[in-house]
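Visitor: Mind looking over this structure? Questions follow.
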């Protein structure tokens, strides 16, 4: 795209990202100026043509209501214009990041996933999100995934326990065959077929493993009981008893995948990311502050377990559709010239299965294609 460019970099080294400004910004600003002039004229007309209060009570109230409505519309338009006044496009150079930093030089990343209700946020949805971030194209020794379960549900813990076992097969499958997206639910739901480098037998084996996981989880969710099998002998299950409820339970912290243990490897013998389950203490008489409280608890727990420099917060119902998302963010944070001035990177949200003539704005095109350009 043509236009002026502002880049990072520093010390004679090429930048890790570039910021480009479109050419036709002036034309847009002139257009926006004419719209604002029209809004001012509407305000002036409405303010000078409110019916006299004594003439008609209904007419006066209607005129005043229209004035208030148009003032609010104009204020809203001005506020949205403020973020569209200086649009930019940003591009990252992940190849330069890889050349500049070896895997052991990259910063650690703590990934937070929060869930609060296993009925509204089904465990299979949650663990698909967890698996998608566990399979990031990033050194597993640098990844630490934390699931905050505000409901303190044994079913959610069981789901994460099952996901930790499935990850031993899923992560090498994703990395060996460059699978995208790396959420198994999204990948198989899109009617995926074997990749060129993947044999049909390997593909079907992985699909069958995921189907078995789904069937087991559906059975547990339906019954509400954890099966009494050797696979469920993890000491973390002893934290639950019949007195625990979603609003009244003690704190639970369990490390399901610990890199300090020899078994924390996948089927190819490669290290797995650290995986931690956390349910903070909740009591009926104490305010828990919802997700803000969960994030505060996650920060305290992660500071003891991993204490990484970078934190990635992911909604439990929004899987990652780009395995290089972390590297994209690091291009901003690690840029020598401008990285010290950047503390937050926002990713866009997109939705699957949106109909072509959606009338509810679910694609959020304005947010992704217009407002996000200023971030």
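If you go along the chain as it appears here, the first residue is 1 and each next one adds 1.
Cβ atoms here come from the backbone N, Cα and C positions, even for glycine.
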Visitor: For the annotation transmembrane segment in TrEMBL, which listed range does it cover: 5-25, 26-46?
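Guide: Going through 5-25, 26-46 one by one, TrEMBL flags 26-46 as transmembrane segment.
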Visitor: Transmembrane segment per TrEMBL: which of the ranges 58-79, 80-101 is that?
Guide: 58-79
Visitor: In the three-state scheme derived from DSSP, which category covers residue 291 (Mn(2+) binding site)?
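Guide: Its secondary structure by DSSP: helix.
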Visitor: Grab the same-chain neighbours of the transmembrane segment (58-79) for me: Cβ-Cβ under 8 Å, and only residues 6 or more beyond its ends, written as numbers and ranges.
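Guide: Result: 35-36, 39-40, 42-43, 46-47, 49-52.
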Visitor: At the level of the C-alpha atoms, what whole-angstrom distance separates residue 315 (Mn(2+) binding site) and residue 121 (UDP-alpha-D-glucose binding site)?
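Guide: Between the alpha carbons of residue 315 (Mn(2+) binding site) and residue 121 (UDP-alpha-D-glucose binding site) there are 11 Å.
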